[in-house]
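First comes the structure, then the notes that go with it.
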Amino acid sequence: MASMSRTDNAGGPAHGLTTRWASALSDTPAFWKIVSLAILFGAWEFAGRIDFNYAFPGFLETMAALFEMLTDGSMAKAYLRTFEPLAIGLVISLTVGISAGVGMGLRRDVEWLSLPIFITMQAAPMAALIPLVTFVYGIGLASKVLAVVMLSLPVIAINSYKAVRNVPPSLVDMSRSFMGSRRQQILGIILPAASPMMFAGIRLGVAEGFSGAVLAELLITPTGIGDLITFNRSVAKFAHMYAAIFSIVALAVIAVSLLHRLEMTLFRPEKRGV
């Protein structure tokens, strides 16, 4: 009996430490993100191994193809072509979108003139407008930049407009009570209060920009990462095709996640956008 008691006492602290460690680990968001990815990739590998479709490779086969394209330089060359319209389009969207959104939020006449345009751009099916864009601007860089702008600009502009319009009136009234000028109201009260929601719009606009860049390369002319997708599909190298798709999705997720981390650093939790 004494021997059993000593054994239980010896194992008790270690067991308690393991339990506390497991409980603390399961409470961290990173743990559940890893579990979620493991389930997703495991299901992907399982679906690829049961051979329900020849054109659907497993996760490990896709990662092997991705590693091959990374080492032979084809992936880097493709992204150099893809990043050009993406970067130009995002710079235009950020500049015009934030300026237009702030203008719509501050002035009713600008809102009445501009808001219907951005709502129409956001609601319009992009795939149906690509042939029109190609007909007007050809198959060069301009049409691809426009595709990125058409997807990301309305998101940034409308979120910036909503951010400015939803600034608490009490803050503006307080500025007026202290005889603050209109310029001081905008720079010192309205823009700082609207910044969190505007930043959330920027994050969503960047995600839409990735979609626009890939859509343009698939529908206008195959270049960059779109060329990798269409070429490997045409020669039945489906693992390489899925690797190219996986890479652009992963890159977009990383970019949006970095912006989200920056948003968490810059703004207090109660001030952050959605």
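Cβ atoms here come from the backbone N, Cα and C positions, even for glycine.
These come from TrEMBL:
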type     : residues : note
DOMAIN   : 79-260   : domain 'ABC transmembrane type-1'
TRANSMEM : 30-47    : transmembrane segment
TRANSMEM : 86-106   : transmembrane segment
TRANSMEM : 118-139  : transmembrane segment
TRANSMEM : 145-164  : transmembrane segment
TRANSMEM : 185-206  : transmembrane segment
TRANSMEM : 241-262  : transmembrane segment
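Among residues of the same chain six or more beyond the transmembrane segment (185-206), those with a C-beta under 8 A of the stretch's C-beta atoms are 90, 93-94, 97-98, 101-102, 105-106, 152-153, 155-156, 158-160, 162-164, 166-168, 171-172, 174-176, 252, 255-256, 259-260, 263, 266-267, 271-274. Proximity of distant same-chain residues to the transmembrane segment (145-164), defined by a Cβ-Cβ separation under 8 Å and at least 6 residues beyond the stretch ends, is recorded for 85-86, 88-90, 92-94, 96-98, 100-102, 104-106, 111, 114-115, 118-119, 121-122, 124, 126, 129-130, 133, 137, 190-191, 194-198, 200-202, 204-206, 208-209, 211-213, 215-216, 220, 273. Residues 56, 58-60, 62 of the same chain lie 6+ residues outside the transmembrane segment (30-47) yet bring a C-beta within less than 8 angstroms of a C-beta in it.
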